[in-house]
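Undergrad: Take a look at the following structure, please.
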Amino acid sequence: MRSSNLTTTVHFLSPVFAAFFPSHGTEQEDAPIVRVKTAKGRKISSTNWIRRQVNDQYVSLAKKEGYRSRSAYKLIEINDKFKILQRGRFVLDLGSSPGGWAQVASKNTAIIDSTEPTVVAVDIQSMKDIHNVSFVQCDIDSDHDLLNEKLSGRKFDVVLSDMAPKSCGHRQVDHANIINLCELARDIALEYLNPNGSFVTKLLHGEYEQEFRRSIMTHFGVVSYFKPKSSRKDSSEIYLVALKFKG
């Protein structure tokens with residue numbers, strides 16, 4: 001992303017900012033922004049978040065089927081459409097906590113009768129164990145040497161990123177912030193993907209979108225946008241799916 005007149009040039013994965021930026025399930029699923037108190041003392045946005053969670057079929061379905069976040073169904077839809085997760089493929093999941101995408105990736109790629117994990121999940125926050133998933137806790141922005149050490153030079157068939165900064169409510173700033181994360185995920189994908197591999201990242205439409213997409217098209221044979229039905233109706237998120245990595 002080229003510099004602009006927006007005053008938001010920070011690295012959003014550094015520890016000092018970690019508490020403010022969720023990983024997977026970023027449509028305010030886990031921690032609502034609270035602003036104004038009602039007469040009963042409850043924040044209005046908090047009340048709206050609770051109501052939305054209670055009425056959300058994917059929240060209920062995730063609990064029923066054992067997924068850690070409703071965002072798992074977004075990856076399920078992406079995979080139904082693009083078939084990126086297949087038995088024996090190796091997956092790198094960036095910003096994995098709490099683990100919804102890692103669960104889906106594991107289910108679709110696990111090798112029968114093998115003890116080798118097919119999924120490596122990475123997050124600055126901790127994450128509970130998942131079968132067939134190796135977890136690395138580090139800051140993928142500032143701890144690149146540690147990430148290299150943990151990955152031990154291995155390559156992946158799929159790199160996933162559902163990372164997004166928590167919304168500040170300003171469309172241009174939110175867009176600039178998420179593009180910064182998209183570029184970080186892209187750079188990791190370019191380093192760790194196998195030839196013909198796939199890359200998926202969340203983004204928001206905006207000023208830097210086309211520039212980012214062009215940077216992806218340089219390295220991939222097929223680049224598509226996809227909006228899962230499980231995305232909330234009021235969410236402006238969309239997923240960029242890049243296939244056939246050329247190196």
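Cβ coordinates come from backbone N, Cα and C, glycine included.
Here's the feature list from Swiss-Prot:
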- LYS202: active site, proton acceptor (ACT_SITE)
- GLY99, TRP101, ASP123, ASP139, ASP162: S-adenosyl-L-methionine binding site (BINDING)
Undergrad: Please work out the number of neighbouring Cβ atoms within 10 Å of the Cβ of LYS202 (active site, proton acceptor), leaving out its own Cβ.
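TA: The Cβ of LYS202 (active site, proton acceptor) has 23 Cβ neighbours within 10 Å.
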Undergrad: How many neighbouring Cβ atoms, not counting its own, are there within 10 Å of the Cβ of TRP101 (S-adenosyl-L-methionine binding site)?
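TA: Looking across every protein chain shown, the total is 32.
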Undergrad: Could you say whether, by DSSP, ASP139 (S-adenosyl-L-methionine binding site) belongs to a helix, a strand or a coil region?
TA: coil
Undergrad: List the Cα distance (Å, whole number) between ASP139 (S-adenosyl-L-methionine binding site) and LYS202 (active site, proton acceptor).
TA: 19
Undergrad: Reported as an integer number of Å, what is the Cα distance between ASP162 (S-adenosyl-L-methionine binding site) and LYS202 (active site, proton acceptor)?
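TA: On Cα coordinates alone, these residues lie 5 Å apart.
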Undergrad: What three-state class does DSSP give TRP101 (S-adenosyl-L-methionine binding site)?
TA: helix
Undergrad: Going by a 10 angstroms cut-off between Cβ atoms, which of the binding-site residues ASP139, ASP162 has the sparsest surroundings?
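TA: Minimum Cβ neighbour count within 10 Å, taken over the binding-site residues ASP139, ASP162, occurs at ASP139.
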Undergrad: For ASP123 (S-adenosyl-L-methionine binding site), list the number of other Cβ atoms lying within 10 Å of its Cβ atom.
TA: 25
